[in-house]
Amino acid sequence: MVQVFRNFLALTPAIIVAIYFHEMAHASLFKKTTKTRRNFSFVGCVDPLGLLMYYMFQFGWSRPFPINYWKLKKNGLPVTILTIFSGPAMNLIIGVTAALFFKYTGLFRYSTLLARESYGQNYLLSYFSDVLYWIMVVNLKTSLFNLLPFPPLDGARLIEITAPDNQVDWLAKFEVYGLLSLVVLSILGIIQLIMWPV
């Protein structure tokens with residue numbers, strides 16, 4: 001029970017980092033491109049079901065920063081695609097940076113997730129090591145997970161803006177079932193198989 005609570009305390013900051021910087025990347029690029037003054041709110045990006053998924057599987061989703069990608073296309077398709085992939089790219093950068101820091105500073109030796117005997121040696125250092133481990137894992141998983149073509153994930157947004165106009169209505173109807181599909185596939189372990197490298 002103590003280890004479960006400890007993992008919860010270490011996982012929570014990693015989830016916050018993944019969600020905040022993912023949506024901030026989308027918002028920053030969108031605001032810079034469209035000159036909009038819409039404010040970014042982290043609390044507004046928290047999706048209860050997506051948050052629960054993070055705690056269960058270390059990947060999930062957030063409530064997207066409101067972006068009208070059809071209007072954004074007026075600024076050019078490359079800019080729109082860049083805005084879509086800015087979130088996963090940010091998570092990838094954070095995940096890789098955390099992984100390199102985790103390895104080359106030797107902090108992995110203090111992680112209770114990798115070497116449980118280190119738990120009693122230095123509590124603060126081992127806790128920080130566990131947080132860094134989860135920042136690495138959660139961000140890498142979030143980056144890959146968001147490329148899947150299921151609404152509201154970024155992979156689905158790419159399909160929407162590149163699909164023929166006569167397919168847009170069908171895609172909009174499918175969005176209703178996107179979240180349900182993600183939950184079912186995750187429970188069945190299919191999403192985990194797709195992301196096995198992480």
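Each residue, glycine too, has its Cβ placed from N, Cα and C.
Summarised by DSSP class, the composition of the domain 'Peptidase M50' (14-162) is 108 helix, 0 strand, 41 coil. If you look up TrEMBL, you'll see 14-162 marked as domain 'Peptidase M50'.
Among the features that TrEMBL reports, transmembrane segment is placed at 6-27 (among others).
Taken from TrEMBL, the feature transmembrane segment applies to 39-57 (among others). Listed by sequence, the residues of this chain that lie at least six past the ends of the transmembrane segment (39-57) yet keep a Cβ under 8 A from its Cβ atoms are 8, 11, 15-16, 18-20, 23-24, 27-28, 63-65, 138, 179, 182-183, 186, 191-192.
The transmembrane segment annotation in TrEMBL covers 77-102 (among others).
Residues 6-7, 9-11, 13-15, 17-18, 54, 58-59, 91-92, 94-96, 98-99, 101-102, 107-114, 198 of the same chain lie 6 or more positions beyond the ends of the transmembrane segment (123-140) yet place their CB under 8 Å from a CB of it. What TrEMBL records for 123-140 (among others) is transmembrane segment.
According to TrEMBL, the feature transmembrane segment maps to 176-196 (among others).
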Subject >> Same-chain residues at least 6 beyond the ends of the transmembrane segment (176-196) whose Cβ lies under 8 Å from its Cβ atoms >> reply: 49, 53, 56-57, 59, 61, 141, 144-145, 148, 150-153, 156
